[in-house]
């Protein structure tokens, strides 16, 4: 079943990418982003009104500096790079579609501020809901797909229809957020193949989608029937997560910074950000 959903999700991404920038990415974003914010706000209001929600809010906003170490720093850096699409070419690719008079500095600050706001709102949904039923939230996929369904059921135990509606809204929100991310990452590879190898956009998208499905199937199986097969003590899913979030993204960001600071013509840089 996870593989079926993986394929369907990537096919949805593929469909939007093939439609192009204006008819595909822009049109879908105009629908999905407002829907995402509306769902966020509805879920935030529902979560903070649960009994015991204040414990979750305190857990989220009261820092525990004893937990700040190298691992926490790497995890935070990886999350920031992934959440802001740094070091993976998404921003460069999307920026190439901007109008010439677009204020890049203002846009960059807006993206950072909105991304941080969405992350905080997501935390305000998850942690109050978890603490309202006395569950300590775990990290990673288990929090989203194992802990939270039980949390919603217990939190709205006396009103099962509310638990169902809350759960559906939350996972629709999650799907919309994931879809906007896969579209941006898919577009980078598709645009590269389209421009560098003169592939049609449709052919380039098929190659990227096929590669994603191939790798995604093995990542999915590594959480199930192949979980005993590890590389350096990590399953394939965890290995990909570590290599991309903690190695490739920071390294990509560093290389882009070096290129911009040392090799790109300073006049070009200042003309773009001024």
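We number each residue from 1, going along the chain as drawn.
Cβ atoms here come from the backbone N, Cα and C positions, even for glycine.
The transmembrane segment feature in TrEMBL is assigned to 6-22, 34-53, 73-97, 109-135, 155-183, 204-223, 243-264.
Panel annotation: around the transmembrane segment (73-97), residues 21, 104, 111-112, 115, 119, 181, 184-185, 187-188, 191-192, 244-246, 248-256 of the same chain, lying at least six beyond its termini, place a Cβ under 8 Å from a Cβ of the stretch. Counting C-beta pairs under 8 angstroms (sequence separation of 6 or more), the transmembrane segment (34-53) reaches the transmembrane segment (155-183) with 3 or more such pairs. A Cβ distance under 8 Å defines the sequence-distant neighbours of the transmembrane segment (6-22), meaning residues of its chain 6+ beyond its ends; these are 28, 97, 175, 178-179, 182-183, 186-187, 190, 201-202, 205-206, 208-209, 212-213, 216-217, 220.
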